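For 1-25, the entry in TrEMBL reads signal peptide. Per TrEMBL, domain 'Chemokine interleukin-8-like' is recorded for 23-84. What TrEMBL records for 86-101 is compositional bias 'Basic residues'. The feature region 'Disordered' is assigned by TrEMBL to 86-111. The feature compositional bias 'Basic and acidic residues' is assigned by TrEMBL to 102-111.
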């Protein structure tokens, strides 16, 4: 009976982890301050929203394999995130220009 209950518990735990992989990866506390040079060393970052399994807004900074949770309301962090997002290339506009060019070329060939 003990073996059955243990196996049932383990099965339910594995099922929970499979269905909710981020359940144990949420930031539970955030820092309201950030040292000067830390943003320069960030390798990747994520934005944690206060919905679903995680009940706290946070910016998760990954530095040398470690995770730091900071408040998204810090002015330095807001400015840094805005700067990072501006560097993302916009591919949709380029694709539309190419399609329009191709359509125009086809129309010219028909005439």
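The backbone N, Cα and C atoms fix where each Cβ goes, glycine too.
All annotation found in TrEMBL is predicted automatically rather than curated by experts.
A quick note: this is a predicted structure, and the numbers were derived from the prediction, not measured.
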Taken over the domain 'Chemokine interleukin-8-like' (23-84), the model's mean pLDDT: 88
Structural state census, the domain 'Chemokine interleukin-8-like' (23-84) (DSSP three-state): 16 helix, 17 strand, 29 coil
